[in-house]
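Pulled from TrEMBL:
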| type | residues | note |
| --- | --- | --- |
| TRANSMEM | 46-64 | transmembrane segment |
| TRANSMEM | 76-95 | transmembrane segment |
| TRANSMEM | 110-131 | transmembrane segment |
| TRANSMEM | 152-172 | transmembrane segment |
| TRANSMEM | 192-211 | transmembrane segment |
| TRANSMEM | 271-289 | transmembrane segment |
| TRANSMEM | 318-339 | transmembrane segment |
| TRANSMEM | 351-371 | transmembrane segment |
| TRANSMEM | 613-635 | transmembrane segment |
| TRANSMEM | 642-666 | transmembrane segment |
| REGION | 676-700 | region 'Disordered' |
Amino acid sequence: CLGFPVSIFFIVVNEFCERFSYYGMKAVLTLYFTRFLHWDDNFATAIYHTFVALCYLTPILGAIIADSWLGKFKTILYLSIVYAIGQTVLSVGSISDLTDRNQDGSPDNVAVNIALSMIGLILIALGTGGIKPCVSAFGGDQFEDDQEKQRSTFFSLFYLSINAGSLLSTLITPTLRASQCGIHAKQECYPLAFGVPAILMAVALVVFVIGSKLYKKVKPQGNIILEVSKCVGFAIKNRFRHRSKQFPKREHWLDWASEKYDKQLIAQTKMVLRVLFLYIPLPMFWAVFDQQGSRWTLQATAMDGNFGFHIQPDQMQIVNPILIVIMVPVVDSLVYPLIKKCKLNFTPLKKMTVGMFLGSMAFVAAALVQVQIDKTYPVFPGAGQSQIKLINLGAVPATVHFQPELQTVAVAPNEAIGYLTFETSKLQSLHIISGNANETVTLEKLEKNRYTLPFKWNATEINWDLVFDNITSKPASGQSRVRFINNMAYTVNVTMGDTNFGPLDPLAVSNYSDVPKPYETYTISISAPLTAHCEAVSKTFGYGGAYTISVDGCVNNELDIKYFEDMAPNTVHMAWQIPQYFLLTCAEVLFSVTGLEFSYSQAPSNMKAVLQAGWLLTVAVGNIIVIIVAGVSTIKKQWAEYVLFAALLLVVCIIFAIMASFYTYIDPNEIEAQFRKEEKEEDKKDQDDNEKGAEADSRM
């Protein structure tokens with residue numbers, strides 16, 4: 001079809017569906033850990049990076065299985081089945097109703113959900129990692145030797161399908177996650193967010209199987225990674241056996257493998273090891289880069305995503321693939337030629353060094369954004385402290401004295417003061433004076449928490465209620481939270497949208513509830529026996545805030561309400577993350593794209609797979625670094641952790657620059673041509689010797 005083997009269209013569609021499945025699931029994974037499984041940020045980050053590390057360790061296993069035993073087709077087929085099962089198990093594990101016997105919307109036995117989720121992620125890591133080195137190579141196998149142009153076009157289409165799958169899934173699955181679903185209680189819909197990628201993986205598998213009769217299937221020919229490993233292992237073992245001084249030294253330690261392996265393999269292994277030595281500092285870059293899906297996503301949950309339309313925190317990851325699609329051609333066609341015109345020797349290793357520096361700067365930018373976010377966080381009571389918020393729901397001003405003689409505050413009618421912080425051990429009571437009445441509230445049994453004290457003067461007395469706020473941080477869901485105070489003289493039932501806040505007695509305060517869609521308005525209504533239905537339209541609440549709404553009265557079926565802000569909503573805009581994404585994407589273009597190009601240019605033709613395995617291994621080790629830091633770090637401030645990673649990458653950047661300055665570029669093709677020439681000369685010499693021997697035999 002159009003000069004291409006028909007089979008490659010099945011492979012491209014398969015890759016699109018698989019990448020959609022992987023990136024869609026991965027985009028919402030961190031928030032699934034923190035919001036559904038209720039893990040803290042550090043543990044969620046550690047498990048996320050454990051999963052990513054596993055995804056980059058298993059490709060080596062997949063390559064060995066494909067090249068040594070099953071072949072690429074069967075490896076892709078079998079591991080895709082494992083992959084699809086993993087996605088399905090993860091989706092089932094995210095169903096809250098699975099063990100929700102009391103029908104409160106939360107799993108009664110979260111261990112079941114955790115177990116299913118972990119089994120699913122392990123199967124996914126085996127599947128996606130195992131097929132990673134096989135699919136592109138299997139596509140390349142479909143072409144004949146004279147179809148070099150078509151093969152090149154195929155790899156462009158293949159790369160396009162990867163980016164298209166990544167872009168669409170990162171846009172769609174966070175939207176599915178943010179939708180509401182559930183049998184007993186509506187909440188974020190993780191079963192749908194994981195279910196759609198599972199369906200796409202099943203589609204990928206079906207598409208791949210449909211094209212099975214059209215594929216050109218190359219039989220396993222042995223894995224070069226194993227061959228190189230055996231060569232290196234034999235050289236080390238042989239050198240150890242001949243470690244005494246009576247054995248003469250050899251030019252290179254790998255030369256000790258010459259007793260078993262030919263000179264060309266040894267020379268090629270030397271070339272590969274020179275490049276792999278340069279890989280040693282590279283994991284630090286990936287430790288920084290892969291935090292887009294963990295720390296940066298968590299950072300976005302504390303930011304304002306209102307762009308006129310709403311962006312979910314996990315959708316901000318889409319900035320990277322969008323910028324990649326734009327910047328790769330711009331850098332290749334504009335930036336590099338301009339640098340060349342300026343006669344600057346911008347070698348591949350120098351590009352990688354600059355990329356590492358820009359990665360470090362990206363985390364400096366992230367730290368600056370985090371400092372601004374931290375400024376918006378409310379101050380919660382510390383050890384031995386309590387906080388009290390005063391709300392005057394009456395029509396006359398009030399004065400409140402905190403005893404013994406700690407502080408006096410004036411509270412205007414229908415206004416609030418708070419939160420006031422006190423040493424719990426010193427605070428004994430507070431005295432309210434309003435109108436012609438006064439009231440003393442005993443505060444001897446306060447704990448380290450926030451409290452709200454609504455009060456109201458009613459002609460002859462002051463009514464009050466001390467309420468435990470039960471909120472110790474920004475809402476974990478990222479959504480705003482609201483509660484209601486009944487400022488009417490009789491009991492009313494309050495609803496907002498589909499949420500029922502229950503019957504509230506006079507001055508009673510409801511529990512906080514999440515606002516499902518904080519950039520939408522809701523109908524607030526009250527009902528009570530022998531009274532007319534009364535309602536009002538709420539304001540929009542934004543993300544990350546907490547509000548108390550007082551229900552003050554009803555006039556002509558119009559509800560009179562007043563808002564008190566308990567916690568400010570997120571005010572730092574998500575757009576401030578774009579500079580750090582831009583710097584990190586520039587770093588990726590200079591580091592990742594150039595690194596692969598450099599590795600392939602310096603590797604022998606039959607050793608590309610070894611360097612690909614080494615490259616993927618640096619990604620895995622980078623994620624392990626994040627796991628270690630998240631697990632053992634005692635840093636309390638997130639901006640300080642960003643600075644730590646920036647500093648570590650900067651140090652590694654300097655080390656890499658020094659290592660790169662000693663590297664000498666080679667042309668593997670010339671070296672291989674030299675070996676072929678020597679091999680021909682040896683064959684010719686052997687042939688001449690055989691002819692001379694035959695001639696001598698005939699004379700005898």
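First residue shown is number 1, and so on along the chain.
Including glycine, each Cβ sits where the backbone N, Cα and C put it.
At the 8 Å Cβ threshold, with sequence separation of at least 6, the transmembrane segment (642-666) comes into contact with the transmembrane segment (271-289) through 3 or more pairs. Here the transmembrane segment (192-211) lies next to the transmembrane segment (76-95) in space: the count of CB pairs under 8 Å, restricted to residues six or more apart, reaches at least 3. A Cβ distance under 8 Å defines the sequence-distant neighbours of the transmembrane segment (46-64), meaning residues of its chain 6+ beyond its ends; these are 26, 29-30, 33, 39, 75, 79, 121-122, 124-126, 128-134, 223, 225-226, 290, 293-294, 609, 612-613, 616-617, 619-621, 623-624, 626-627, 630-631. Residues 42-43, 45-46, 49-50, 52-54, 56-57, 59-60, 63, 132-133, 225, 275-276, 279, 282-291, 294, 595-596, 599, 641, 644-645 of the same chain, all 6+ positions outside the transmembrane segment (613-635), place their C-beta atoms under 8 angstroms from a C-beta of that stretch.
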